[in-house]
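Below: one structure, written as structure tokens.
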Amino acid sequence: MKLSVWTYEGPPHVGAMRIATAMKGLHYVLHAPQGDTYADLLFTMIERRNHRPPVSYTTFQARDLGADTAGLFKTACRDAVARFDPQAIIVGASCTAELIQDDPGGMSETMGFSIPVIPLELPSYQRKENYGCDETFYRLCRALARPQDRTPRITCNILGGTALGFRHRDDIREITGLLADMGIEVNVSAPLDATPADLARLPAAHFNVLLYPETAETAARWLEREHGQPFTKTIPIGVGATRDFVAEVQKITGLGTRPDETHLRMPWWSASVDSTYLTGKRVFLFGDGTHVMAMARVARDEMGFEVVGMGCYNREQARALRKCAEGYGVEALITDDYLEVEEAIERLAPEMILGTQMERHIGKRLGIPCAVISAPVHVQDFPARYSPVMGFEGANVLFDTLVHPLVMGLEEHLLAMFREDFEFHDDAGASHHGHKAKARTEESARPPERADEQPAAESSFDIVWLPAAEKELKKIPFFVRGKARRNTETFAARKGVREISVDTLYEAKAHYAR
Amino acid sequence: MTAPGLPSGGGCRTAPVIKERGQREVFCGLTGIVWLHRKMQDAFFLVVGSRTCAHLLQAAAGVMIFAEPRFGTAILEEGDLAGMADAHEELDREVAKLLSRRPDIRQLFLVGSCPSEVIKIDLSKAAERLSQRFAPRVRVLNYSGSGIETTFTEGEDACLASMVPVLPRTEARELLVVGALPDVVEDQMVGLLEAMGIGPIRLLPARRIDDETAVGPNTVFALAQPFLGETHAALLRRGARHLAAPFPFGEEGTTAWLAAIAREFGVDAETFERVTAAPRARARKAVAAAARTLSGKTVFFLPDSQLEIPLARFLARECGMTPVEVASPYIHDAIHGPDLDLLPAGPRIAEGQDVDLQLDRVRADRPDLTVCGLGLANPLEAEGLSTKWAIELVFTPVHFYEQAGDLAALFARPLRRKALLKLEAAE
């Protein structure tokens, strides 16, 4: 047993739902107790889908146990096929049904359906949501893809887009456009918006573009092995990676056309003087392995940040991420326990976090700006506007996404800094040009006690600030004073210093300087 | 202090009930934790379950999950399934770790889930053992919030029912009000009852373990929520007596609920009138504003929380709506009877669900407003039907006089919005 409040990933059957919901003409019959239908609302609310996920649940209850849960399953299968008329069905068990051992696969195969029935084995107590996606898509490809001739023109498949995928909708559109620029048509994009009949056509493509290894790598490897289709290894997130991706595609296809970069603004935006203050911003990255590895490159090579830590929650990517982290001189954090992530962030004290919904909240708690770069995400990260993270428009989107929280941070500091200014105090009214502005009275002009100026005794039990050091600390602008105090105390504690002098203060400053 | 008039065409108490079994689009009882833990400030809810259970709580709790919530899931791993013996050791270890990290916790609920029920981890024995180990500081109780046994709000019922046997005994003639209400609503209720001279008033659940809630043969209890069947039975077993009444939704429901208690405690009509006249008038006025939108419209309730029957009664009698189908996960005559008496005859009454068949009826009826869960709301909106998602009715303060207008407004808002939005291209 492991105590958990937040989970980065759902159970594997939710992954299978993501595949079923992504596709059309496929139905999922899930042997599951009453209540497991909660997962429907992830799709109808977070992703705002306008239809129910194509999932039938047996919703067995206690009184059904020991009686005929197997019968319930067969009825659900029969009803689903009759009502929804799918091209194929997938069948499986959720975590509870796994324990009662009804064997959905075996049962459904004996029911004599005229459509393909694909059984899923998803070990709920060992694996998680991403595994569920990957395994389901692989099983579908295995069952449905048929050997056939290549298309006369050079075409590819785009693999990995799912329901509830972070920006999958727009990434696929962006990469489809990029490939079209290069003279390459998309044969099938799957699972997102594909039908079982489309999956049968997968082997007609000349190669595969694997956009999300988390959800489609097993299928891509199987297609390579079984149908001789090479697949791309570069994830086109960021300018450099997109150009590498283009080169990789050129090498696979032998085509020389380059995609249009007319609308790529990110490199100039990042080079412009306004961006100089981004230099060396210390960032911490966390999310799924693919997005973290790709974004680390964007952060360092394209934004000029310093990567101070990186990690992922999906252990399937652990090895690749560890290797990648070495290149940045940091140690990879592989965990699905958000408390460990929080601890790492606190320890590293980055100036910015690139993470998931959870890191956004950790950032809020610690007062660190954060941008969301990976699932799990909330409803606001399924935007109405076009917002890919891949390709050249994706790079534009990323620049804005990464800069906005920082600009906002600077804005907040400036506003706080001028809050005590005689022109900008709270009573001054909306405009200091207006005749309504009132001068500050002596009483209100006195700077208020700030929370971060509480006596040191509160934050550390045995460290004492000498009066001279305390005085020196006051000279530091108040908006960084709290951080200076914290850093100095951490430094002193590490060095075993009990009394903080002016020297300790500046030694600490030098220590944390970069 | 007169009872509300029964509808002229008869009520629904004896109406035939459509009993359906099939796919049910409902939450399990674990969801109750999301609001219960906020009410019981010194309690922690530890679910023993799977990753699915943790994922459900996360989906249901939304942003609340980040506010150091007092609930969590001990996720079963493969090793726990293999040998039963060390499941208990594992649980003890996790609980010890939890209680050392959270010394403010005084009550710990071990909440059973589908997986823990199916593999038959004996959580009641675990609760007993852990109670002894952590007494007197922490009381450990156990109940099931599993989907196989409980539907949505029944999780609260199971939780409160687990507390009843361990409540101290009293011989005093006291009123016990049962059901978790938002603090603001609870305060209003206590204020009204005390103004009539009724007291002391005991609450279940109390906000803290040390708040005195006791029960005995002279206790009379009123239910503030309609989903408390098990708790009702557990209180009867301890000798307490139930005051049957319609539930306090709307002006009429609140008045009838208060009147049932006032009669029991011998409050004279004059006092009752003095205390309730002003808030009744306020409630009627507030409801009238929303009723302008609702009057003459049809409403269809899918089963969710057991609040459906009293809410349909409120919408029919006070807002002029016409219910076409009122479905509830469970119907309990002793509890839902008074509201069924007042609900004008006409709607189909349904218990249980076969969601696809029920959606066929929704599509055939094309009601003006469909009350349903979040898994169905957007898909039905996309079919051109207006919906009101039901979960909000459990989280939002909706009971008693001052909230009557807000309650009506919750149903009116989707209809007003539909009238306001002009998104179609001009022809």
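In case you wondered, yes, glycine gets a Cβ from its N, Cα and C as well.
Residues annotated as domain 'Nitrogenase/oxidoreductase component 1' in TrEMBL: B:28-402.
Mapped onto three states, the DSSP output places B:C114 ([4Fe-4S] cluster binding site) in helix. The Cβ of B:C114 ([4Fe-4S] cluster binding site) lies under 8 Å from the Cβ of B:C28, B:G49, B:S50, B:C53, B:S146, B:G147, B:I148, each on the same chain and at least six residues away in sequence. If you look up TrEMBL, you'll see B:C28, B:C53, B:C114 marked as [4Fe-4S] cluster binding site.
Look at the binding-site residues B:C28, B:C53 and count other Cβ atoms within 10 Å of each Cβ; B:C28 has the fewest. Mean pLDDT for the domain 'Nitrogenase/oxidoreductase component 1' (B:28-402) in this predicted model: 94. In the three-state DSSP classification, B:C28 ([4Fe-4S] cluster binding site) falls within a strand. In the three-state DSSP reading, B:C53 ([4Fe-4S] cluster binding site) counts as helix.
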